[in-house]
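Colleague: Next up is a structure, given as structure tokens.
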């Protein structure tokens, strides 16, 4: 066994009213990639924030390189060689690459004056050493997300880190960029850096991790060898029960009417001559790499962005959709990939969020809202969709990701939308809740809704879709049948033309 | 090593210059256009004496706008700059006239009082987590009241202090170059702006100012004590307001305790016209300076053309909206 870089024993962390971590053990060997897994709220990020000095523990011991430590802030952790790349990119968009890497420890001459030349040359040395092709004087905001990620890695390692924590580093990367990241991880590993890797993506764990530690509800469940343990075992450790991966059932839709037809859709460089149709009861998946134009197509159909040319037919009628309100009137609902920004009012309760798009239906004389009716309708959806909430007056911000997504779905169902566009419906949602969302989408299709699912996770598209539309650089490069006939390779071939 | 890293691809350098320049060029071009339009419209406008009057009129608002720029770049807002200016003027009056202390102590006292008030505002924001708008709104009212209390609600005249009015109205440059009698107030504005510009672009304080405005959490997670730096930014801005307090009381040769309300909006307007983003992270002192000049030229030019005061205010409002709209358009395009 390699020497231990990190040894955490019996870690406890309480937040007002709740236990976040209860006696969690974790260790990291030199030159190892150790995956930390668990559903949302399992305590992964909390544990890592303790290790990196952002939070202080309430109990237990932490040893870094055999030294008993108790970091009082991020700086102390950095000094001890623990670097972290946070889940949300922690960069300052208006500063340059070099300024970002050295924030908080700028080389100074005197009187607090920054030595910009030395700053840039030191940054460029770091990038050269790591073989990163990044110009130190570029503004961060103008880089791609993948490059920004590389800057974060460089920043974390520039503290001479021997321990590197990566919290969902691939959440915003496409497949090519993920491959690039893995090359970097393997090189760091060979240099003896220990890496703690947090991710929801199962296939990544198999590719990159040596060991896997699973947490559930703030408790330590176990540690297993990544290569020898089947995924289903890891998933069952995470959710506390076996999750069966069901095959997609493809219904016969030949007699169903066409609900949506898109013809010759064009918008700048983003959308080039896209044509497709969607039947009642059908789930059409959209696959492609990031930036292929899938979200752009959805936003164009929904009227969120103006189009250069093209026609949208709903129910056999040509629709003039120039704004989201036109689209909603035509019966199209769009569930954005960013629920928190565009889908929900987090500070308002479940009832208000469900009724948000249909408020005029609940208006009585003098503009007062009929709360009783809103409540009974909200409770109906809570039951129908299985939204787990103490009541319809719970603030949406307190619900888990999966339940928040259900609230958004309820909002559009109440609006009587027959065509629902789901953009990354399970982003940030944990494994157990994912399969619930899948089942929900399937039952919606069975009830006669027409559904478009955009997803960056191929297994998800393949699990759900009756047909799979693949996009590449703004063009629709092909529509494949769903089910077992289509392989990942076929989809990737169309996505990378 | 160093020489190698200094070599940047020309495309990038020119791109950077283009990006940063654009913002200022837009404001600068509008300033030039205004100057040309007014000088064609009225022969009196381009007179040296009128130009000097414009510069003199810019000095107080310009210094306040510099203070506001620092705070706004850091993602905050300071509504108290106007009444803080008045308060520091009153403090100077108390020290110099009521207590008969020597001139340097009065000046220093005003600046320190400003810095202390800024320190308080900064602490409300950073430590008590009060939103900057509210914290400085409270401070604005506190200082408005205190100015009246301390002065007994009467103006304090600086008749005992030899040379106090020279601080703003005299001209050191004019003594050396008689054909260029630029008032000291303007000289002080340019010095304050120059130093602030240097601090913003070259020092740690400036770097954290942009960093905090851009992404405060990221700076904090990098191990920087962001609370302390935020307080420092407000304190520096407060000190600069103290300089403005000296300038205005010197120009009026008195501390007018009822003055000051409304100056904060003029200052913020100058900052915004100069292209500084109200959401923080972006901005320049030179832009603010141009913004303050645009406002002064506008007021003066319209007055020379005998446009009623009421309409001058309307035009200023329109200019603010146009300036920010132009900035938004530019940013959308660059996206």
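Each residue, glycine too, has its Cβ placed from N, Cα and C.
Remember, it's a predicted structure, so these values are computed and weren't measured experimentally.
What TrEMBL lists as transmembrane segment is B:25-45, B:51-72, B:79-99, B:105-126, B:133-157, B:177-200, B:231-252, B:258-278, B:285-305, B:311-328.
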Colleague: Cβ pairs under 8 Å with the transmembrane segment (B:177-200): which stretch of B:25-45, B:79-99, B:133-157, B:285-305, B:311-328 has the most?
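Modeller: Looking only at B:25-45, B:79-99, B:133-157, B:285-305, B:311-328, the most contacts with the transmembrane segment (B:177-200) come from B:285-305.
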Colleague: Cβ under 8 Å, sequence separation of at least 6 from the ends of the transmembrane segment (B:133-157): give me the contacting residues as numbers and ranges.
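Modeller: Beyond its ends, the transmembrane segment (B:133-157) has Cβ neighbours at 76-80, 82-84, 86-87, 90-91, 93-94, 97-98, 117, 120-121, 124-125, 253-258, 260-261, 264.
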Colleague: Quick test of the contact rule: Cβ under 8 Å, at least six residues beyond the ends. What residues does that give for the transmembrane segment (B:258-278)?
Modeller: 23-24, 26-27, 60-62, 64-65, 67-69, 72-73, 77-87, 89, 140, 143-144, 147-148, 153, 248, 284, 286-292, 294-295, 316, 319-320, 323-324, 327
Colleague: Taking contact to mean 3 or more CB pairs closer than 8 A (sequence separation of 6 or more), are the transmembrane segment (B:51-72) and the transmembrane segment (B:231-252) in contact?
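Modeller: Output yes: the transmembrane segment (B:51-72) sits against the transmembrane segment (B:231-252).
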Colleague: Sort out the residues at least 6 away from either end of the transmembrane segment (B:25-45), same chain, that have Cβ-Cβ distances under 8 Å to it, and list them.
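Modeller: Apart from its flanks, the transmembrane segment (B:25-45) reaches 273-275, 287, 290-291, 293-294, 297-298, 300-301, 304-305, 323, 326-327, 330.
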Colleague: Take the transmembrane segment (B:105-126) and find every residue of the same chain, 6 or more past its ends, with a Cβ under 8 Å from one of its Cβ atoms.
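Modeller: Distant Cβ neighbours of the transmembrane segment (B:105-126) are 76, 78, 80, 84-85, 87-89, 91-92, 95-96, 132, 135-136, 138-139, 143, 161, 164, 167, 226-228, 230-243, 245-246.
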